[in-house]
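Student: Quick one: this structure, given as structure tokens, is what I'll be asking you about.
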Amino acid sequence: MVSLMFFSSASPLCSSPSKIPKASLDFEMKKLGGSTKLVRNVNLEKLKNNYLFPEINRRELEHIEKHPNVQLISLGTGDTTEPIPEQITSHMSNFAHGLSTVEGYRGYGLEQGNKTLRKAIAETFYRDLHVKSNEVFVSDGAQSDISRLQLLLGSNVTIAVQDPTFPAYIDSSVIIGQTGHFHEKTKKYQNVVYMPCGPNNSFFPDLAMTPRTDVIFFCSPNNPTGYVASRKQLHQLVDFAKTNGSIIIFDSAYAAFIEDGSPRSIYEIPGAREVAIEVSSFSKFAGFTGVRLGWSIIPDELLYSNGFPIINDFHRIVTTSFNGASNIAQAGGLACLSSGGLKEIRSVNNYYKENRKILMDTLVSLGLKVYGGVNAPYLWVHFKGSKSWDVFNEILENTHIITVPGSGFGPGGEEYLRISGFGRRDHIVEASKRLQNFFNTRTKHFTYLSSTSNTN
């Protein structure tokens, strides 16, 4: 039983107008020509102005305006590029067409998701792990589920995140009111425990040095580092959570890329059902980034400090804030989990894995220190002594390639770039050639290039 406590008192989501910076009010009045008497949510005031991916998009557009005739290649945001297998889309198409008939029309479904799909998810991904279909909550994607889980957690909990980490964990925590203000000097939010995960600790936090928090956000395979936690490490994490009465929010969105037998689910670890919620997605697994389909697992054994089942509260939140995933998307999800669908999906994922290998071989040959990339689509490339946004700009300006600055994932990401294996093969090959030409002709200018590479 976890010792997480929730309070019924309302969180301070608003304050007097005098606490709103004058510059912010001036901005609103200038943009709108006036204002209401509604006071802005003070938690939104805490957010940094530039969320990572919109800022990358802004710089990308500026670059296109500056260089309108060049081919820009993205090795950046983790969007899939290959077509969804026809076997899956035809099933979705047939279902959609059926909506135009009396026999095939379907309206609202269960907020928790189609029963057949929930059963298929439990049997496909959690066979022999004791996950039941009633514990599966089908959604419109993992990122949406993270926000709904924040509604469950509330503003009075303490949180820990890997550093570097996927930005949505922290930003959603800021919005719900779990954090203090952002410190420019440390690049950290108050009231958040940042767990360093880098080469010095095999990208797994030193739990002996980690203070207790109510909630631990943990992603494996990790975005952005590309590392997957070993079975031994996840045993340590579960034991740590049980000792402290904490809940783990385990993000397994990239589990399909694991190749070495490492755990694909936190529930492979004994005792995890008592302390962990798992969030996952069809986005990277099946190329559903635009279709939008995911799921969360809330075990029956997961309880509040007073013994009340957490699954009951999450069900209430889902039925209040969500009318269920698209029935067309859910039809596609069922097709994905058929034997033929799984075979086609594996073929597409192998394509991305080959892309990743091409990029890995290229970067290693250049003497760069490359981490990750074995059980995930992402490479985590170290540029020692350099600011990640500076390296991002330098590569963009000279090669017309988009990457992702590591500092956007937290202070532990400074000096790194995330490079993605998602992309068309011809773009991956062309990008590799450009990177080779760029670094080979400029080696003497870069202190972060070494004669030996360091890969995992």
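Just so it is clear, glycine is given a Cβ too, placed from its N, Cα and C backbone atoms.
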Student: Can you pick which of Asn57, Asn69, Asn191, Asn323 Swiss-Prot lists for the same pyridoxal 5'-phosphate site as Tyr108, Ala142, Gln143, Asn223, Asp251, Tyr254, Ser281, Ser283, Arg292?
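Tutor: Site partner of Tyr108, Ala142, Gln143, Asn223, Asp251, Tyr254, Ser281, Ser283, Arg292 for pyridoxal 5'-phosphate, according to Swiss-Prot: Asn323.
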Student: Over all shown protein chains, what is the count of other CB atoms within 10 A of the CB belonging to Ser281 (pyridoxal 5'-phosphate binding site)?
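Tutor: That number is 27.
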Student: Where does Ser281 (pyridoxal 5'-phosphate binding site) sit in DSSP terms: helix, strand, or coil?
Tutor: strand
Student: What three-state class does DSSP give Gln143 (pyridoxal 5'-phosphate binding site)?
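Tutor: Going by the DSSP assignment, Gln143 (pyridoxal 5'-phosphate binding site) falls within a helical segment, counted as helix.
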Student: Tell me which of the binding-site residues Tyr108, Gln143 sits in the most Cβ-dense spot, judged by other Cβ atoms within 10 Å.
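Tutor: Max Cβ neighbours within 10 Å, all protein chains included: Gln143.
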Student: For a quick check of packing: other C-beta atoms within 10 Å of the C-beta of Asp251 (pyridoxal 5'-phosphate binding site), how many?
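Tutor: Result for Asp251 (pyridoxal 5'-phosphate binding site): 29 other Cβ atoms within 10 Å.
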Student: If you draw a 10 Å sphere around the Cβ of Arg292 (pyridoxal 5'-phosphate binding site), how many other Cβ atoms fall inside it, taking every protein chain shown into account?
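Tutor: The Cβ of Arg292 (pyridoxal 5'-phosphate binding site) has 17 Cβ neighbours within 10 Å.
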